[in-house]
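What follows is one structure encoded as structure tokens, with my remarks underneath.
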Amino acid sequence: MFGQLDGNKDGRLQYEELFSLDHDKYKNCIHHFLDACDVSQDGELSLDEWCDCFQWANREKEEPPCHAARRLTDPHLLGAFIPQCDVEGFYRPEQCYEAHCWCVDKWGREFDNSKTKGPADCGQYADHTESTDDDSEDDQ
């Protein structure tokens, strides 16, 4: 289906190419779904983004945390915080909302005292951004 929708054959789906999906009786569902799939937030869907969305739609328990949070957020709601995800579906180290930014680990957990007005210095947390719920061997 991706190949059929990719009218200019550039390997990316622009929203114009998704017009037929976006303007049918399921418009609200599909538009929200496609917004959640655009992980890179460039207004286009790569083949990887397209496939990942369908893969996670059927396996919600395995959906990466940032993608799950984005899927549950209505991107058309004014003032809604939409988390920034990396290509794997985890949280980017810096999250910003309005004029404030803060640092998080890949699971979206905020680091203490990281919230600032303007860009945050998340490089200082680089050793901790790859942590998981229970993979820290230092605690044992």
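Glycine is treated like the rest: Cβ placed from N, Cα and C.
The domain 'EF-hand' feature in TrEMBL is assigned to 25-60.
Annotation comment: TrEMBL describes 63-122 as domain 'Thyroglobulin type-1'. Residues in the domain 'Thyroglobulin type-1' (63-122) partition by DSSP class (helix H, G, I; strand E, B; coil) as 8 helix, 15 strand, 37 coil.
Listed in sequence order, Pro83, Gln84, Cys85, Asp86, Gly89, Phe90, Tyr91, Arg92, Gly108 are the same-chain residues six or more apart from Cys66 (disulfide bond) with CB atoms under 8 A from its CB. Residues annotated as disulfide bond in TrEMBL: Cys66-Cys85.
The region 'Disordered' annotation in TrEMBL covers 115-140.
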